[in-house]
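Residues annotated as compositional bias 'Pro residues' in TrEMBL: 1-12. The annotation compositional bias 'Low complexity' is assigned in TrEMBL to 88-107. Here TrEMBL flags 1-20, 85-109 as region 'Disordered'. Summarising the annotation, TrEMBL assigns transmembrane segment to 57-76, 127-147, 167-189, 201-221, 233-255, 378-401, 421-440, 452-471, 477-500, 520-540, 546-567.
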């Protein structure tokens, strides 16, 4: 029996593509974090100005309108976005502007040859265009349902309420027109274009929202309108401005590229096989369409779970209570949205690219596992700071940034403190579910959808008990969200462990838990965090010494805990066990 030939190392081009993918994902995470920091800081500054002119009830109505808009966008495009992230990128698609493969670019209207970069991009465009008719359908349906049935009489009686609903629906349609450009940016890992578009749009939204609200309050549009009030119209005008600028900047970023490469932002035939609203191809478009259809139910259930707090508080509380909860959740989730959300998005894209094939290489599997373990370790370390320091000092921090009318007669501070316990669960669930959505097949996604449906029922039941039976108010809603996130994390963790075990040998499988234990902080750091948490709560409960003493105490405890963490970094970490370069039978 002749010996087996030695395994050949991956081709140089494959290694370069792998490194380019990791580099582009890291660069993308940087741009997305910068985008979130910029937009959230702008929003924070504008909110500080608007709080002088807005009542808690009006802020609660703006949260309802935002939920209405997010629901249209989510049901229209989220499953398509997740499916398109699994579209593999060729080396040419990861460049800012790839040159055509031939000296003569395909003319607009001509057939594209499947497998070429232009055809690959056109496939993504054709599928992303499905979001527009879906958006029109959901915009009309949800607008009618929200204005006629969902909104309370107190909400519907606000000035310019129906006009605001129409403007929000218009903004969603404009934003969906820009969806092909977003898909092209994701396919080519062009995060800079996305960051430019979304940051410019966020800036315009802040200016228009603040401008309209303050101008009406100051009588800039007449005393009659000043006496009537602007209602939620300022938020609606700002959202239309956001969508218009988003579309305009995307068009500017991609201007002229389609003519050079051969794609067009419109339906275009690939091998002349046409279907209404969709162009099918032999190999890649049909599976992506099927995958998107399978993901729609799962995405819808995830949206209901993600926005379940807004739905529950809308049904069970007043607009005033909704405004208090909105204030606490906006401040509480500020760090999560600035840091965790962009990392989740870039990691989802990275996992999909690394593990898109049915038999990914050992190098890709090891890279994906290392990335996931690193993110979880960072999240758990940050979680100790949230629980030990942020939670006890949250009411004090809120008293510094919010006016007395928002904090004196409400439990906003305690709700913000509860959010500090919830944020770690939110972060861990985000990255684990991002991995599941990137690698799960249709059967596994169907199983997840069934579990998500069960979780949604459990969340509604727990929320009803906490809000109606126990009367915990906004803090009960945070607690219900925490229970929901915990069970979702447990399900995703089981999936992640099962996925990686497929590629491990028997002896590696026995040691599989050791690598995941490394994501936990060491006992020295945890013990220190526990002591810091006790001291922080003692300082807050004493409540003497004024603002300077509280700031000095928080800063000193934070520096001490950070010093222990830096000391722990001196301990070398074990590297994860590498996977074989080929999948075993």
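Residue numbers in this text run from 1 along the chain shown.
Each Cβ is built from the backbone N, Cα and C atoms, and glycine gets one as well.
Most Cβ pairs within less than 8 Å of the transmembrane segment (477-500), among stretches 201-221, 378-401, 421-440, 520-540, belong to 421-440. Non-local neighbours of the transmembrane segment (421-440) in the same chain are 82, 85-86, 295, 302, 332-333, 335-336, 340-341, 343-345, 347-349, 351-352, 355, 368, 372, 375-376, 379-380, 382-383, 386-387, 391, 448, 478, 481-482, 485-486, 488-489, 492-493, 495-496, 499; each lies 6+ residues outside the stretch with a CB under 8 Å from one of its CB atoms. When Cβ-Cβ distances under 8 Å to the transmembrane segment (127-147) are tallied for each of 167-189, 201-221, 233-255, 378-401, 452-471, the top count falls to 167-189. The stretch with the most CB contacts under 8 Å to the transmembrane segment (201-221), chosen from 57-76, 167-189, 233-255, 520-540, 546-567, is 233-255.
By the Cβ criterion (distance under 8 Å, sequence gap of 6 or more), the transmembrane segment (520-540) is not counted as touching the transmembrane segment (167-189), fewer than 3 such pairs being found.
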